[in-house]
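Engineer: Submitted below is the structure of interest, expressed as structure tokens.
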Amino acid sequence: MAREQLQVLNALDIAKTQLYHFTAIVIAGMGFFTDAYDLFCISLVTKLLGRLYYHQEGSHKPGTLPPNVAAAVNGVAFCGTLSGQLFFGWLGDKMGRKRVYGMTLMIMVVCSIASGLSFGKSANGVIATLCFFRFWLGFGIGGDYPLSATIMSEYANKKTRGAFIAAVFAMQGFGILGGGMVAIIISAAFNRKFDAPAYKDNPTASTVPEADYVWRIILMFGALPAALTYYWRMKMPETARYTALVAKNAKQAAMDMSKVLQVDIEGEQDKVDNLSQEPANSFGLFSKKFLHRHGLHLLGTTSTWFLLDIAFYSQNLFQKDIFSAIGWIPKAETMNAIEEVYKIARAQTLIALCSTVPGYWFTVAFIDRIGRFAIQLMGFFFMTVFMFALAIPYNHWTHKDNQIGFVVMYSLTFFFANFGPNATTFVVPAEIFPARLRSTCHGISAAAGKAGAIVGAFGFLYAAQNKDITKRDAGYPAGIGVRNSLMVLGVINFLGMVFTFLVPESKGKSLEEMSGENEDEQETGVELERLGGQNRTVPV
């Protein structure tokens, strides 16, 4: 039988949507804007880095990053992100959400600037410095995932909680869009000021020395939105759920939320003390009780996020290679270095504008109406369908007359990734675990996702290479080709659909209902048995 809810938590659950909700969305969301900008802007400049630092005299093609360097540049930030998600997720439960929240932002600001200032006497020196700072940039970004999701879930009311958390995550779409737009503006300005011939006309002159500033400015710009948000993050009070349920300070939680909600709330310290003495509210992450109560849930959130990110980050980071393969971006030798940045940025911005951003906001609009489970299942299903629709008749799409059809189909996979598992895998782990483990479990789930991103970033780079040595990038072994790579991604999306059945539905329920924190110890086992099926799949 459920205990009576703490007054401060009940006030949050039934609160009408107010200004502080939107303030929290913007403050947390700007972190995600920066996260997405920093993670994805590197894909806009990798070809430029190849021209600048790995040009080979006499070659018929512009310089490209060697396989090991390309893998490091694309993937090192994800390694940092994975580490940051685990570390800051754990720290957020130990020290409090607010105390850790500012740290992650400052790491992001410092390392964004430092990435653009990468130095070295040789090409490898510059790239090594860049990779070093991008690892620590990723470390800060990693902390933003569990903290932003947990803070928003603990501030929100239960009626619109899904939409609020999804809105924070939706800022990622604007970050991807912002990265493309910044790259377009900077490359267009430099190309106009420093006109250069195409590579085939003059290989040396096609890459002007000033092009070295282009990638640096694009990377450093990511520090700006994070720096502007720092003051407001420090002004946010600690969440009432952490203060009351983890720090055991009911009076402080009531005072903080009284100011936010502008209502009088009683502290109820006795009730907090009673709750904290319950064995059901004291088990740890590695206990049998956690395994029994939340083991399948954690498996569901980690596996689906892992599988999603293999496909999602493969698509995002290597759009330029796919578009080049089908001829949507001109051949590299027909452009100068800065013009190539412009063409890549324009293609990615168009995809973001037409499919990525709308997909996120469709989730915001419908997540509290049709539920997390339905959106995730639908998203994985259509991603599977469109991947196979691209892969099976792949030769058909490479013909010039069919390129627009390919781009439309490819865009739809992004749309259903974002109106689907890319948003829901972020939302659900912030809702279904106990307050004392919420940030940690979200960090573990997100880290599993980034492990998938690393597989995608490193694996797809090699897998997509052509079997014909004349058509593959210099230095790469033969891969399975773009067509077969898309087939593999289709299978991965199908597996994501299968593992979605382990994920519980949290629509319309309080966080304490989902985590079982408000249950009497004697009733908990019975309730879990009775609701076991419901807690693992969508309610019938």
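Placed from the backbone N, Cα and C atoms, the Cβ positions cover glycine too.
TrEMBL: automatically predicted annotations, no manual curation.
So TrEMBL has the following annotated:
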TRANSMEM  20-49  transmembrane segment
DOMAIN    24-508  domain 'Major facilitator superfamily (MFS) profile'
TRANSMEM  69-88  transmembrane segment
TRANSMEM  100-119  transmembrane segment
TRANSMEM  163-190  transmembrane segment
TRANSMEM  213-232  transmembrane segment
TRANSMEM  350-367  transmembrane segment
TRANSMEM  373-392  transmembrane segment
TRANSMEM  404-423  transmembrane segment
TRANSMEM  443-464  transmembrane segment
TRANSMEM  485-504  transmembrane segment
REGION    510-540  region 'Disordered'
COMPBIAS  514-526  compositional bias 'Acidic residues'
Engineer: Would you kindly list the residues that approach the transmembrane segment (163-190) from elsewhere in its chain, counting only those six or more residues past its ends and only Cβ-Cβ distances under 8 Å?
Structural biologist: 21, 24-25, 28-38, 40-41, 44-45, 148-149, 152-153, 155-156, 210-211, 213-214, 217-218, 221-222, 316, 338-339, 341-342, 344-346, 348-349, 352-353, 356-357, 359-361, 363-365, 367-368, 418, 422-423, 426-427, 430-431
Engineer: Please determine whether the transmembrane segment (20-49) and the transmembrane segment (373-392) are in contact (criterion: at least three Cβ-Cβ distances under 8 Å, sequence separation 6 or more).
Structural biologist: no
Engineer: Determine which residues of the chain contact the transmembrane segment (373-392) at the Cβ level, with the cut-off under 8 Å and only residues 6 or more beyond its ends counted.
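Structural biologist: For the transmembrane segment (373-392), the sequence-distant neighbours (Cβ-Cβ under 8 Å, at least 6 residues beyond its ends) are 304, 308, 311, 363, 366-367, 406, 409-410, 412-413, 416-425, 428, 483-484, 486-487, 489-490, 493-494, 496-497, 500, 503-505, 537-538.
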Engineer: Please work out whether the transmembrane segment (443-464) lies in contact with the transmembrane segment (69-88), by counting C-beta pairs under 8 angstroms that are 6 or more apart in sequence and asking whether there are at least 3.
Structural biologist: yes
Engineer: Taking a Cβ cut-off under 8 Å, which residues six or more beyond the ends of the transmembrane segment (100-119) line up next to it in the same chain?
Structural biologist: 31, 34-35, 38, 84, 88, 91-92, 125-127, 129-130, 133-134, 136-137, 139-144, 147, 151, 215-223, 226-227, 229-230, 233-234, 236
